[in-house]
Amino acid sequence: MSALDEVAKLSQLTNITPDTIFSVLRDRFYAGLPYTALSDSILVSVNPYASSGNRNSDDTLREYTSDYRQTNKQLRAATLPPHIFAHACNAYFYMRRTGQDQSLLMAGDTSSGKSEVRRLALRALIDLSVAPPGKKGSKLGVQIPSAEYILEALGNSRTLENSNASRFGKYTELQFSDSGKLVGAKTLDYYLEKNRVVSAASSERNFHIFHYMVAGASDEEKQYLGIHDAASFRYLGQASRNMDTQDAAKFDRLKLAFKNVGFSKRNVASICQVLAAILHLGNIEFHYDRQRTQDSATIRNPEVLDKVAEYLGISSKSLEEALTYKTKMIRNEVCTILLDADGASDHRDDLAKSLYSLLFAWVNESLNEKLCRDDFDTFIGLLDLPGFQNLSKGNSLDQFCVNFACENLHRFMLRSVFEKRRDEFADEGISHLSPEVPYFDNAETLRLMTNQPGGLIHIMDDQARRMPKKTDQTMIEAFGKRWGNHPSFKVGPADRSGFSSFTISHYNSAVTYTSENLLEKNSEVVSTDFVSLLRGNPQESGKLRNDSSQSSGSTIPFIRGIFNTKVLKTQSHPKNDQTIVAAQQSVKPMRAPSTRRPNRGNTIKRTNTIKKADDDDSDEDAADAADASTSKKNAVRCVAGDFRGALDLLLETLEDTKTWFTLCLRPNDNQLPNQFEARVVKQQITTLGLSEMSRKLLNEYSVSMTYEEFCQRYADVPSLQAVQMRDAVSGEAKQKFSAARQVMSWSDQEAVSGRVKVFLSHTAFRELEDELRAADAEEVKNNEKRAQLDADAAARGESDPFSPVAVLADDYTRSRSNDFVGAYGDPFKERSSVALPLVGRGAAGNEDDLEEVKSQYSGMSGTLARHSFVGGLSGAPSFVASEAYAPSRNMFADMGKNGLNEKAGTAAFTEEPLGEVAEEVGVSSTRRKWVALTWAITFWIPSFILSRFRSLKRPDIRMAWREKLAINLIIWFICACAVFVIVVLGNLICPKQHVYSPTEFASHKGDSSFTAIRGEVFDLSNLVASHKTIVPVVPANSILAYAGEDATPIFPVQVNALCNGVDGNVSPWVQLSNENSTDKHAQYHDFRSYHIDDARPDWYYESMWLLRSNYRVGFMGYTTDGIRDILSEGRAVAIYRGDIYDVSDYIKQGNQGVLRAPDGFQAPANTNRKFMSDAIISLIAQNPGKDITKQLDNLPLDPVVLDRQRVCLRNLYFIGKVDHRNSPQCRFAQYILLALSLFMVAILGFKFLAALQFGRARKPEDHDKFVICQVPCYTEGEESMRKTINSLAALKYDDKRKLLFIICDGMIVGSGNDRPTPRIVLDILGADPNLEPEALSFLSLGEGSKQHNMAKIYSGLYEHHGHVVPYIVVVKCGKPSERSRPGNRGKRDSQLVLMRFLNKVHFGLPMNPMELEIYHQIKNVIGVNPSFYEYILQVDADTEVEAMSLNRFISAFIRDKKVIGLCGETALSNAKASIITMLQVYEYYISHYLAKAFESLFGSVTCLPGCFSMFRIRTPDTHRPLFIASQIVEDYAENRVDTLHTKNLLHLGEDRYLTTLVLKHFGKYKTIFVRDCKAWTVAPDDWKVLLSQRRRWINSTVHNLVELIFTPGLCGFCLFSMRFIVFIDLLSTIIAPVTVCYIVYLIVLVATANGTVPLTAIIMLAAIYGCQAVIFLLNRKFEMIGWMIVYIIGIPIWSLFLPLYSFWHMDDFSWGNTRVVMGEKGQKVVLHEEGTFDPSEIPLQTWTDYENELWERNSARSIGSIIEAARAENKSLGSRAGSQYAPSLYGQPMLPHNASFGHSPSPSYGGTPSQFGAFAPGPGSQIGGSQIGAGAGYFPQDAARQSTYSIGGGYGGQAMSMYGLPPSSSFGVPTGGSGFMPQPFNTTASMYGYPQQVAATQSIYGGSQLGFGGGFATAEQQQQQQQQQQAAGLSGSGGSKSPPREAVAGGLPSDSQIKLDIRSLIAESDLTTITKKQLRAKLEQKYATSIESKKAFINSEIENVLSES
């Protein structure tokens, strides 16, 4: 035995120091001995970073298992060196011999080899305990290692420190029967590092399985999964470029492992498909495209989105919405957060992490379902946690939790070694054998982290639960405040990212953690969008889905299954159980560790004892109980707290086991073999406390028992038979032990005697137990069988198939896969499907197979088992043999075209989506005609080609695309027509002529000198230069002398060179005439033949060719008058083909030429002087000045002769062309364009005159009309909305007569906002943040069930700069089941909320609950009857209104009763924000002062902007409804918006369409522009936003034009009505691109030097902009001239690019889920996924009926409370006719007593009397301000059911309003002639619904200045008053109808009250239909008694009221 082997244990070293331990470890390391024993229960392992030779081989394992089986002491004398195999064998030995559960714990730094040591220990235990081949449980020998390999592939990755680092904590329990046979296994996972899925560090890898799959999948599988190129996946990072060469082989091994544990092929394919979906998910890119959506990001690569959606079994649209929107529960309301590109990327990563972590949990639970047993006896647990982490880039929650686990484990080990048996040893009196050793105790560090309350984890969790009030910074402050003085804690400065940090001194080292997003990570939740999208909402059997939000989930059952696991905790909406509002994946394992009942301590199991049934082990799922309690207390489960709880439970379990520690060391930091660095190893020796533990465990006793137990157990041991120990008790037993100790020669180190117990070391215990084992015949037999099996395996040379050093050649894994199953054979081989068990069964076909049932160690429910583990994706049980597969086989081979989808794959999303609803709608004839025209225009584009484009899959979208193309073609045709008219038509009618009249020609002298030669005009100015070059002797002046002159005489011609005569031959001596030129320069150009000294016959022709090519500018032109003048001179001229010929000389010479021979020569006598045909000459002579074209062409001449004669005419006699420029057709062509131009300029001129207003804005008088200021809000910022609300509050108008009506369109958190928009609005208004009114139903716009919407109503008073204005806030929150953008239906729907309400108020129509509550709030809380309001001021949430605007608007209405709507000037508040806004300043200005001012002259402003306009609700005289007329409301509320036209009208330009409807239905009324009213709005400052805005504006303009065309009176008289002008104006929008092109043409024309300047066009353009400049000057808007210049520069953008872009993107909007197809008979079938809408879901009731019911009940409760009461009443009594609302699913309140809209649970709001004569809320309320006084009649017990804002009463009759007046007599309707004086309070309900006393002092508003006298009532007074009221029948609680409160003894109210009621009824009635009889009937019904005695009085009063109105 070597010296190294003699070192038995470190604890036995003579000098135990870190240095000596280091020396021993180093020497053994270099000797190839990585294992060293510290004591019997602690093993030290040094990671060799290389194969350990045969130290971990199967042969070595057999040596140690053989040693375990060996019971002969002599044969075991050669002790084997320490090894993990021996460690595992010892644990198994103790479990078998003591019956006590064991645990093997691996501790150490990362990269110290813990995972491999754990695998080896597991392997040894399996080898010791697995059943022999062919026996039940034999396949566990393959299945458990396979399961371990699967989890390793899913949970391990390559890091910088370790190539196979565990990224989760793994605790595995091997389960054994009482005979020690392995029967099952259970693995618990602790804290998977799921962030690695999306953000692995540089040079590190993602989880192994991704790389295995990408490298090892077959080509077919890669094709199916789309994973060809690993480097293309963002989630694989740079590490994908350095793929492990063994990854491919490991993937085959992984598939084999899945097969071994019983996973079906579909299961494995599904897992790979999810992994592929995650990889592709990481490649989805986002960009901030604000053209499509207002604030959210869009997908940049939709093809990747489609692929991911297909793999996940969902639609692409649903996935896109889930990625770009985020649903969050804020204050009990589901809100949607619009994500920008960064937010969407983070959300995408969250989905990837959630998918992977849930997949991991599902796989682990599946393995547990297949392997875990319930009926086991003992277990051995193996724990491996990730190593300690301290990152350089910053540590966060992941590192905190991992280090906390390491800290906890280290503390557990220290407690086990140093403290666990301290008290026991002291009690037994053997403390001297276990000396106290000082050691570094980390208990304080652990207390710092876990103290309850106040520990770091507790603080972290508490702060996370209170977000957003608490932040990372407040958490750090809390840390410092609580632990600032702790030695292990320090708050550090801000890190590099600017976030605070804190440092914890761990046992290993100090680690600094950043606080960045720590709270957010600690409260990490799974997005409910993803859960709802992929899991779906379970539906009750047999019920149809009628709600769009109830998603059916993924079509792939596997995807639904992983989201249905127990690990995912969900929270449902309080009002809808099927709506998930919160989901979290617990970091706790799905199962709990196995625990024992009490009495399972360190007692020894008796031999040969049979356990009774009541002594069976049991498991307790303590985690479930903890989870249940936690979920009740806190909705947010925090990661750190959950993890701590899981660890505590685990350590509690380990506390009950016998623990075996393996301390793993890392020899160096570089993962290099054969390197043992002193610094690294010594640091770990010190950290782990090896020297201290070695000294402590000098004497280690493994087993203790009483003396009686010792004697009883070992009485039959052969070595101790002489001692005779049987039946020894008490003192005798102690003596017997002493004797036995002497017999066995044990020292104190091996066995020691205590006070009542015996303590044995491992050596002594093994020695005694071996003798017992040797005497056990059954164990001897089993050991012999096992030894034979080992021998057979050794002979076959089998190896560990899952060893990291195993052979991984592809041919090996693919061809010899059966060898991997080990000595136990393939458990699935030669098994028929009949004999095979279901997937997940434990045994394989034996008759005595144990049935696997759910383990009670697991908390998994049966539901989960049924949902998740019933055999693959099909949902049916799967047999292994039927779906088993070879690793090399394509796992997707049999999936078919639909893949893993449950239904028809992705076709399900394009053809028949689940839950789709079909509705048939009619098609108008106009629509049919337009569709026919569209097809006629676009027939040449086949539909099958369009359908190949991703965005044109649906037929209705393709049809819209065709419509867009058709419209574009029509627009382009109109533009082409405009071009034709401008450019082509003139030339077509009058072709352009390049001719000059003699006058024009003569004028060309000087710089532009022209000259003429034989009718052709040349540019003499340019000719001079070239002539000077050729003939320099001739001065330029001599040449320029011919400017404007005919130069023909100086260019003599040679006749025979230019004319071939009649017969083709002309004598050279023949000349044109005998005339000699008198010009001296002619001689220089005379080269005729008779100049024999220099004859050049062709010189003239050549010169003319040169001149024509370079200098000709035209021809001489002669008009008819000019030709007549020539004829008057006796010249013979004629016109041929537009050319004028003069043959006068030829005729004068006798129809022939003249002869001229050279000097000294005579011409031949027979020379023929004729060269022209006599017939032609005769024709000219006979037709002087006429056109002889036809006659000449018809002459009987040979064609050759005729051609010669034409040439002769052209060369010799041409004098010019006929000038047609003044002909009628040319005049027409000229003046038609001028007329059109003048017409357009005239319109501009009228606009100019309209804009000329010299009057000064005067201050209007104060008016008393009631006005509603409507403000729709969507996602605007807080600052914008605050400015708008403040500007409306500050309007110089009576505050009591204006109402802020704010509609919040959905619970949406806009980009850049930290709260949902409704919360921002309410915070601005100062509403009570604790106020939670119930949501009430109303009818909304939307498809299907989305028409049922819900809203909350808030009301109060808003105070700003001395103004106190009442407000109503309508918060559209949607039904509880809505997830995406709850409540959001668009701006049009927000406008309709008020329009529909006012329409129903006017006509007294039944109202829905929301409208009734609005009515109540306005009438009974604010104190104004809704029918009093006459005007609606519409203002956008980003607009500020000038203070005097409202008064001026109303003045305009009052001046002209025909005005139905008007607008003011809207300027820019951000004019200089960017170049984009600068371009818009001038355009905004002229759109008002030119366009709208001009239209206003005709009373037809065609576009009243929604941002700043005002409408008249009804006519002032006849009370006819105008803006709220039913026809306008019905048209504007069009719900079917499914065509291109309606989309552009109602989705892109709703404001303009509203104006169109007003003009359409009320053509005789006016819409005007009021220049004195001004507002400021925010213009787009980004190019993309501007592009989107103008696209919507331009397209809506075009489509509104189509609507206006059919407006009656459009044509008017002679097409000169205003609407024709509007048509021309709108038409100019279409041809705007042509206008720009024309302007560019003009500019080019002007810039061209030789171009003629179009003076008229330039003058008109100058006039256009000059007039505008005049307007600016007159209005002193000097800066506008500069803005005009900026605008002119941007004309190409406004008039060219934007229109063209807009026209082509006319169909660029969201189409939603609605599809339109054609039915069988041609009808239109609308398909959508929004479910069906049942109108009966929304109850309706008239206000009168509702108010009567309230009278009957004498209740001031809100609508919600009444509905709740009705529901309860209906349940008990059944429904009854005429009752209040029927029960509504969405109308019920959360709590029965919680009244709507401001009901306070306590009387905290009644304490201070307000200035309005009632009780004002406390500090910070929305009412504010108070006066001195006290109130009477204050009853606290009733305060809970009163409205917080019901200042002055509720429903109880004439309730006091906010201003202290009875609502029906408020503001303008005097009560009994007393004006604003209040009525006696004995007939008016108080604030809380009780009669009030007469006020002592009247307030300015009619209430009590000093409150309601009398002070607060005492308890006795309250009781007395209540009794009196009950006696009078006023409480309403008795159930019977009680008389109205104002009733007097005689049964009828007072006359004054009757007058008030008459006025109220008349105000609510339609005067065109109401009669006196009907009014009396209403009064009689109201008073519930006969009114005959008052009939005359009532009739008289009715007439008085009508006469007043």
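Quick reminder: no glycine exception, Cβ is built from N, Cα and C everywhere.
Given the structure is predicted, the values throughout are model-derived calculations rather than measurements.
Feature annotation from Swiss-Prot assigns ATP binding site to G108, D109, T110, S111, S112, G113, K114, S115. Packing around S112 (ATP binding site) is summarised by its Cβ count: 25 other Cβ atoms lie within 10 angstroms of its Cβ, all protein chains included.
Marked as compositional bias 'Acidic residues' by Swiss-Prot: 615-624.
As annotated by Swiss-Prot, compositional bias 'Polar residues' applies to 1797-1811.
The domain 'Myosin motor' annotation in Swiss-Prot covers 5-773.
The N-linked glycosylation site annotation in Swiss-Prot covers N164 (among others). Classification of N164 (N-linked glycosylation site) by DSSP places it in coil, neither helical nor stranded.
Annotation source Swiss-Prot lists N-linked glycosylation site at N364 (among others). Taken residue by residue with DSSP, N364 (N-linked glycosylation site) is part of a helix.
Positions annotated as N-linked glycosylation site by Swiss-Prot: N390 (among others). DSSP assigns N390 (N-linked glycosylation site) to coil in the three-state reduction, outside any helix or strand.
Residues annotated as N-linked glycosylation site in Swiss-Prot: N546 (among others).
Taken residue by residue with DSSP, N1076 (N-linked glycosylation site) is part of neither helix nor strand, so it is coil. In this view, N1076 (N-linked glycosylation site) is surrounded by 11 other Cβ atoms within 10 Å of its Cβ, with every protein chain counted. Swiss-Prot lists N1076 (among others) with the feature N-linked glycosylation site, giving sequence analysis as the kind of evidence.
Taken from Swiss-Prot, the feature N-linked glycosylation site applies to N1650 (among others), supported by sequence analysis.
Among the features that Swiss-Prot reports, N-linked glycosylation site is placed at N1770 (among others).
The annotation N-linked glycosylation site is assigned in Swiss-Prot to N1794 (among others).
Swiss-Prot lists N1882 (among others) with the feature N-linked glycosylation site.
Look at Swiss-Prot and you will find 647-669 tagged as region 'Actin-binding'. Sequence-distant contacts of the region 'Actin-binding' (647-669) (same chain, at least 6 residues past either end, Cβ-Cβ under 8 Å): 25, 29, 38, 41-49, 84, 87, 90-91, 94, 98, 100-114, 117, 121, 161, 171, 188, 190, 381, 383, 404-405, 408-409, 412-413, 416, 592-596, 600-602, 622-623, 626, 675-677, 680-681, 684-685, 688, 690, 702.
According to Swiss-Prot, the transmembrane segment annotation covers 929-949 (among others), on the basis of sequence analysis.
Per Swiss-Prot, the feature transmembrane segment maps to 965-985 (among others). Outside the transmembrane segment (965-985) by six or more residues, the chain places 933-934, 937-938, 941, 1229, 1232-1233, 1236, 1540, 1598, 1627, 1630-1631, 1633-1634, 1637-1638, 1703-1704, 1706 with a CB less than 8 A from a CB of the stretch.
Non-local neighbours of the transmembrane segment (929-949) in the same chain are 955, 958-959, 961-963, 965-966, 969-970; each lies 6+ residues outside the stretch with a CB under 8 Å from one of its CB atoms. Mapped onto three states, the DSSP output places K114 (ATP binding site) in helix. Cβ neighbour density within 10 Å is lowest for N164 among the recorded positions T110, S115, N164.
Within its own chain, K114 (ATP binding site) has M106, A107, G108, S166, D384, L385, G387, T662, C664 as residues 6 or more apart in sequence whose C-beta sits under 8 angstroms from its own. Using Cα positions, the member of the recorded positions T110, S112, G113, S115, N1076 nearest to N364 (N-linked glycosylation site) is identified as S115.
The least crowded of the recorded positions S111, N364, judged by other CB atoms within 10 A of its own CB, is S111. Under DSSP, D109 (ATP binding site) is assigned to coil, being neither helix nor strand in the three-state scheme. Listed in sequence order, the residues N47, M106, N162, G387, C664, R666 complete the 8 Å Cβ shell around the ATP site centroid, once G108, D109, T110, S111, S112, G113, K114, S115 themselves are left out. Mapped onto DSSP classes, the region 'Actin-binding' (647-669) shows 9 helix, 8 strand, 6 coil. The Cβ of G108 (ATP binding site) has 26 other Cβ atoms within 10 Å, all protein chains considered.
A straight line from the CA of S112 (ATP binding site) to the CA of N390 (N-linked glycosylation site) spans 15 Å. Closest to G113 (ATP binding site) in space, going by CA atoms and restricting to the glycosylation sites N164, N390, N1076, is N164. Confidence across the region 'Actin-binding' (647-669), taken as the mean pLDDT and rounded to a whole number, stands at 94. Fewest other C-beta atoms within 10 angstroms, among the recorded positions D109, G113, N390, are seen around N390. Comparing C-alpha positions, D109 (ATP binding site) sits nearest to N390 among the glycosylation sites N164, N390, N1076.
When the CA atoms are compared, no recorded positions among the candidates T110, S111, S115, N164, N390 lie within 10 A of N1076 (N-linked glycosylation site).
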